[in-house]
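Scroll down for the structure; my scribbles are underneath it.
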Amino acid sequence: MSLRIYNTLSRAIEPLIPLQPGHVRMYVCGMTVYDLCHLGHARAMVAFDVVQRWLKVSGLRVTYVRNVTDIDDKIIKRALENGESIRALTERMVDALHQDADALGIERPTHEPRATEFVPQMLSLIGRLEQKGLAYQAVNGDVNYAVRKFPGYGKLSGKSLDELRAGERVAVADGKDDPLDFVLWKTAKPNEPLDAKWDSVYGQGRPGWHIECSAMCGQMLGETVDIHGGGADLQFPHHENEIAQSEGATGKPLASIWMHNGFVTRDNEKMSKSLGNFFTIRDILARYDAETTRFFIIRAHYRSALNHSDAHLDDARNSLKRLYTALDLVAPEPLLEIDWRQPFAARFKAAMDEDFGTPEAVAVMFELATEVNKTRDPKLAGLLKALGACLGLLQGDPKVFLQAGATLDAASIAALIAQRTAAKAAKNFAEADRIRQDLLARGIVLKDSAAGTVWEVVA
């Protein structure tokens, strides 16, 4: 197989060699559902949606698991603030998550396990770690992971225990043997709601965040997965802790390849609520269409930082219009399958096979669109649409996309175009130009060709 992926663990690009030939098992850490999804979530979902799409295009069977964290300190706090049950809050947020993902054209994962459905498996895993001397119960009732007893700790993030200890400025708290230790099981507190605690041999409590993913991943995909992914912010400590838990229990690698998508910034500053530059997916979709938002994410490489600004989104929409204009100009001939020997297709595939190189793949699509404009070849237009499908793009009606957001209805625009055509026929070019300029002032540009006049909306 020619597909190669950057492995965060080895810090090198490696060939993807599925442990089960022809079948890729991929686990991606999903959302903690206490609030609406933001642009960072959108980036992760789109990035791994492209991954699963390309794996399928490459002829592989994909079992894609993306979890939902539906029990967490933030969830408990928000539910109490809202005066609602944890279940009511998380159900509402999962519904919103699905609506946002559907709007962005994100295919559902094969499985979407929820943490609360796997508490017995989490307790079983904690028990195995305790038996191996990697976990202990603290005086406050919490069960913690003994980080220094796992020899491989820090291998994913490249952090040494000495570096981590030097950066630790707090005293040992809550009965931890070491400040680096992390919680596996949190003992219940008196003021917490009943739906935030489970019975266990350690007393009532709830699982820690890190043990949730280790248990769900192992239960659904086995001891070693082909790809484990998530945002760059999860690399440490979450994924480092997952490795310690899973590999500490099984003695086997948790994942063959670790993938991490890059951060999202706003005008080159880190996006955060405290800076007031934080945007939910719905904030963005209120101003930009979903396909433009998806294209904005895809045209940057998944590992690079993604800088969000109105100018970048405007540019993404105008760029996407160029592709749709080619498909509007020439009706695409449907392709039963892509001939990957075709030069444009071959270059697209080479880009995607090299660590999902979407910037290079998109560049090929623009070159192909230019060729469609020159040749008016329906087969090339069909290829452009088919390549777009590999990325979840260009599957809409070109006219609908190009004319979206018009300040006049289509019938009124058609009437003005007819008036302009009549003025040109009567050699009243001043009137024809006036109509063109009036429409342009409304954000509508006219394009004349031998086949007639068409219009589209400009940003």
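Every residue, even glycine, has its Cβ placed from backbone N, Cα and C.
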Zn(2+) binding, same site as Cys29, His238, Glu242 - Swiss-Prot member from Cys213, Cys390: Cys213
Annotated range (Swiss-Prot: motif ''HIGH' region') out of 31-41, 163-173, 295-305, 328-338: 31-41
Per Swiss-Prot record, range annotated motif ''KMSKS' region' [choices 20-24, 270-274, 315-319, 355-359]: 270-274
Which listed residue (Cys29, Cys213) has most other Cβ within 10 Å, given these are binding-site residues: Cys213
Other same-chain residues whose Cβ falls within 8 Å of the Cβ centroid of Cys29, Cys213, His238, Glu242, the recorded Zn(2+) site, in sequence order: Trp209, His210, Glu212, Ser214, Cys217, Gly230, Leu234, His239, Asn241
Residues satisfying Cβ distance under 8 Å from Glu242 (Zn(2+) binding site), sequence separation of at least 6: His210, Cys213, Ser214, Cys217, His228, Leu254
Cβ contacts of His238 (Zn(2+) binding site) (under 8 Å, same chain, 6 or more positions away): Cys29, Trp209, His210, Cys213, Gly230
Assigned conformation of Glu242 (Zn(2+) binding site) - DSSP reduced to three states: helix
